[in-house]
Amino acid sequence: SAGAHLNPAVSLSFCVLRKVSWTRLLPYSLSQVMGAYVASCLVFLVYYDAIMEFSEGVLTVYGPNETASIFATYPSEYISLGRSFLDQVVGTAMLLLCILGLGEERNTPAPPGLIPPIVATIVLGIAMSMSANCGGAINPARDLGPRLFTLTAGWGGEVFTCYNYWFWVPLVAPMIGAVLGTLTYKVFIEWQLPDPDLPSDLPIPPIPTKDCKELQAAMGNGVELKTARF
């Protein structure tokens, strides 16, 4: 079973680890973007009246009454392009470090039934601690799907051109962060754990007969026995 794939960055990580075939990466990613698009449509329908009341009927990306950030992520005005890129790389790398550790068989893995709520808590924690700079997307599909929806629902092409075409950052940076997080996990955790194919309690080799006799003779001598105990 491939499990639930909701993030192209995580899917890429599993492809790098050879847990998922590379041929599945594109279909998974397209399905994830489509799912995010449909979810945005549902949110818009449910909160349509509230959105129109707040925006006074004008769907914009900028200004105090902007509503585009309800769906996709946008950077804060104070942050630079390079810093926002680093923000997404670090956030996604942290996500993969946590996810990969949950199923590590050599390090007391989490019970399978608890993995989904644990991952949800991890995502919530990253979003709460790292969303101030640029929304904490850490998921290309979660950002591109809603952005495509706002493009078609009335916000217009500005959702892609705003902030100097910033839209590519939450698409590219999480993919790089996922690979870096995966490599970090392999180097500092996976490769440091004992090989499961080797027994943990190797037998102690027997002492040769000659050495055993010399040891018995030494123990029979009180002075040497005292030295040996020291």
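Cβ atoms are placed via backbone N, Cα and C, with glycine included.
Curation plays no part in TrEMBL annotations; they are all automatic predictions.
What TrEMBL says about this one:
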type	residues	note
TRANSMEM	25-48	transmembrane segment
TRANSMEM	85-102	transmembrane segment
TRANSMEM	114-138	transmembrane segment
TRANSMEM	165-185	transmembrane segment
Remote residues contacting the transmembrane segment (165-185) - C-beta distance under 8 A, at least 6 residues beyond either end: 7-10, 12-13, 16-17, 72-75, 81, 84-97, 100-101, 134-135, 137-140, 143-144, 147, 159
Within the same chain, the residues 6 or more beyond the ends of the transmembrane segment (85-102) and with Cβ under 8 Å of it are 7, 9-10, 13, 17, 79, 109-110, 115, 118-119, 122-123, 126, 130, 133-134, 136-139, 169-170, 172-178, 180-182, 184-185, 189-190
